[in-house]
Amino acid sequence: MTAETLDGKALAATIKAELKERVAALAERGIVPGLGTVLVGDDPGSHSYVRGKHRDCAEVGIASIQVELPASTSAAELEGRIRELNEDPACTGFIVQLPLPGALDDAWALELVDPGKDADGLHPANLGRLVLGEPGPLPCTPRGIVELLRRNGVGLSGAEVCVIGRGTTVGRPLGLLLTRKSENATVTLCHTGTVDVAEHTRRADIVVAAAGRPRIVTADMVKPGAVCVDVGITRTEAGLVGDIDPSVREVASWIAPVPGGVGPMTRAMLLTNVVERAEALAG
Ligand SMILES: Nc1nc2c(c(=O)[nH]1)N[C@@H](CN(C=O)c1ccc(C(=O)N[C@@H](CCC(=O)O)C(=O)O)cc1)CN2
């Protein structure tokens, strides 16, 4: 078997075209959604992701507000810039690009964001809404994974899903999202304390690898016909390497690759959160 590709790049382009129409409809009512980004430090990956987010905004007609700060930024200064965006009427939603450098604490910064402007769905109040099954912005990567599977006809209800990685942006919220009644999957969340990861992945209909450890999922760990979603990105001299070994293609039915799978969907879901919020504000 050679796995078919879950093409996140193509799907993200379709979603952006859909959003462009919704943004045009808002513009006719005099409403322009505005996405703010707060980028601290000089990590090349973070800079590239934020540039991509603003390119996407331009493509669909969302206004961009960019705050760029040096790695030496103090907690007080960062807090001030976040509070400015909370108050800025042109900014309908914003994100703090993670991870923050040095001693700046990710969780502390996320908590400063007005939950009503939390375009990433990572504020504790919005994660709480996810736990309770209440409406609110959803974390972009988990939402992108669910959308990628759904729009390709991969069934989630009743599926055994093994998620590797318990990080705040992907693994943990993905577990919450997949176990909602609307998704109805059974989730096993593996992490560094899991004794035998392969024992869990081999039982799974869907494996999501979000550990950020190159090629940790190999063909012998995957049930024939399973769907595999690669989220981990490691930059090497040879290029980007995912968490899923290329040999898995011979065993899986579908694979979301790195690059071109979940990454573009993360960006498309950020735009979706921004547009949905602007529509809700417009009434
Ligand atoms: N505030 C946030 N910080 C971070 C998030 C997040 O959702 N919110 N997720 C990641 C980084 N990220 C978005 O910010 C992100 C990661 C990867 C991609 C992407 O398009 N990847 C491409 C490869 C691009 C490349 O690296 O050359 C792909 O997989 O095809 C987009 C966004 C951590 N921080």
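Every residue, even glycine, has its Cβ placed from backbone N, Cα and C.
TrEMBL lists 6-120 with the feature domain 'Tetrahydrofolate dehydrogenase/cyclohydrolase catalytic'.
The domain 'Tetrahydrofolate dehydrogenase/cyclohydrolase NAD(P)-binding' feature in TrEMBL is assigned to 139-279.
Residues annotated as NADP(+) binding site in TrEMBL: GLY165, ARG166, GLY167, ILE233. Cβ neighbours within 10 Å of GLY167 (NADP(+) binding site), excluding its own Cβ and spanning all shown chains: 16.
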Composition by DSSP (helix, strand, coil) of residues within the domain 'Tetrahydrofolate dehydrogenase/cyclohydrolase NAD(P)-binding' (139-279): 51 helix, 29 strand, 61 coil
Extent of the NADP(+) binding site in Å [max Cα distance among GLY165, ARG166, GLY167, ILE233]: 15
List of residues, in chain order, with Cβ under 8 A from that of ARG166 (NADP(+) binding site) and at least 6 apart: ARG172, LEU189, HIS191
Number of helical, extended and coil residues in the domain 'Tetrahydrofolate dehydrogenase/cyclohydrolase catalytic' (6-120), per DSSP: 61 helix, 19 strand, 35 coil
